[in-house]
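Written below as structure tokens is the structure these notes are about.
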Amino acid sequence: MPFSNSSDLSPSFILASIPGLEAVQSWMAIPLCSAYILAVAGNCAVLLVVRVEPSLHAPMYFFLCMLAAIDLALATATVPRILSFYWFDSREISFGACLLQMFLIHTLSAIESTVLLAMAVDRYVAICHPLRHAAILTDAATAKVGLLAMARGVLFFLPLPLLLLPLPFCGSRVLSHSFCLHQDVMNLACANTTPSVVYGLTAILLVMGLDAVLICLSYILILKAVLRLAAWRERLKVFSTCIAHICVVLAFYVPLIGLSVVHRFGKDLAPLVHIIMGNIYILVPAVLNPIIYGVRTKQIQRRILSLI
């Protein structure tokens, strides 16, 4: 189904269906819809609880609210479009809508990575410099970090759709996922994509890659401080305050790395693997994050139970 940006004023892409299950994919959308509803309910509950619970008005929980808002936006930017495809067979997505969705996915992921780094720094300051924690991480500083995270994500990933705009697409227009990702769209271009490849890889390394290194460095310093404590019980008590954040970091970076590996080295894998990894990348952090902090934070548990 060839098309070209230069010859077609409204070029479009075809979203990937579940191979071999096209006849029953409306039923396959039910667990996806359930996961989306769970993600929306969980993250909205976190936002509401932090707002109404005065004891949670602290930097760590403000960062958690940012995380919840990002997960809501990321899931809402993708899942409703996927469900419309599965339920109403709306497979075609316009070039502009695809670029917008791609920009939102990559930008929101970059913002989430920055917020996770800020949460790691918060844990480092709280454990290694507890007396200076309130002076360093004030409400104003927390708000500035949120604005910086947004600006960083937009500035680094705005060039991605701009680099794709002038490219011709004259071959297949079938994507590997049920939503638009930069590398997936770029691979369909029938022109030199070296600038887009180089910039995309550079942006990923300077944002997600750098954040991952700094998060690891923060936890190395935290472990050194914890191991200096005399009693094992005290060590476990202090380090247990980091468990929820570590789980959230893993829930974000493991699907991200898995999806990157599938894109880079999994060209011979079954299409179903690409679709499953893409859906995991979009929904797993959004579903797990409120559950993790709900289990680990007694104030959130009590307030949610009272609301129920």
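One-based numbering along the chain as shown.
In case you wondered, yes, glycine gets a Cβ from its N, Cα and C as well.
What TrEMBL lists as transmembrane segment is 27-49 (among others). Long-range Cβ contacts of the transmembrane segment (27-49) within its own chain (Cβ-Cβ under 8 Å, at least 6 residues beyond either end) map to 18, 21, 56, 64-65, 68-69, 71-72, 75-76, 79-80, 82-83, 86-87, 279, 283, 286-287, 289-291, 293-294, 299-300, 303-304, 307.
Across the residues of the domain 'G-protein coupled receptors family 1 profile' (42-293), the predicted structure has a mean pLDDT of 91. Summarising the annotation, TrEMBL assigns domain 'G-protein coupled receptors family 1 profile' to 42-293.
Look at TrEMBL and you will find 61-83 (among others) tagged as transmembrane segment. Tertiary neighbourhood of the transmembrane segment (61-83): same-chain residues 15, 29, 32-33, 36, 39-40, 43-44, 46-47, 50-51, 93, 101, 104-105, 108-109, 111-112, 115-116, 118-119, 122, 139, 142, 145-146, 149, 178-179, 248, 279, 282-283, 285-286, 289-290, 293, selected by CB-CB distance under 8 Å and a gap of 6+ residues from either end.
Here TrEMBL flags 103-125 (among others) as transmembrane segment. Listed as Cβ neighbours of the transmembrane segment (103-125) (distance under 8 Å, sequence separation of 6 or more from its ends, same chain) are residues 59-60, 63-64, 66-67, 70-71, 73-74, 77-78, 132-133, 136-137, 145-146, 148-150, 152-154, 156-158, 160-161, 179-182, 203, 207-208, 211-212, 214-215, 218-219, 221-222, 241-242, 245, 248-249, 252, 256, 282, 285.
Annotated transmembrane segment per TrEMBL: 145-169 (among others), in sequence order. Away from its own ends, the transmembrane segment (145-169) comes close to residues 3-6, 11, 62-63, 66, 99-100, 102-103, 106-111, 114-115, 118, 182, 185-186, 188-191, 193, 195-196, 199-200, 203, 206-207 of its chain (Cβ-Cβ under 8 Å, at least six residues beyond either end).
What TrEMBL records for 197-222 (among others) is transmembrane segment.
Here TrEMBL flags 243-266 (among others) as transmembrane segment.
Listed as Cβ neighbours of the transmembrane segment (272-295) (distance under 8 Å, sequence separation of 6 or more from its ends, same chain) are residues 16, 18-20, 32, 35-36, 38-39, 42-43, 45-46, 64, 67-68, 71-72, 74-75, 78-79, 82, 105, 112, 176-179, 181, 244, 247-248, 251-252, 255-256, 258-259, 262-263, 266, 301, 304. Among the features that TrEMBL reports, transmembrane segment is placed at 272-295 (among others).
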Remote residues contacting the transmembrane segment (197-222) - C-beta distance under 8 A, at least 6 residues beyond either end: 106, 109-110, 113-114, 116-117, 120-121, 123-124, 127-128, 152-153, 156-157, 159-160, 163, 182-183, 186, 239, 242, 246, 249, 253, 256, 260
Chain residues outside the transmembrane segment (243-266) and at least six past its termini with a C-beta under 8 angstroms from it: 67, 109, 112-113, 116, 119-120, 123, 176, 181, 183-184, 204, 208, 212, 215, 219, 273-274, 277-278, 280-281, 284-285, 288-289, 292-293, 295-297
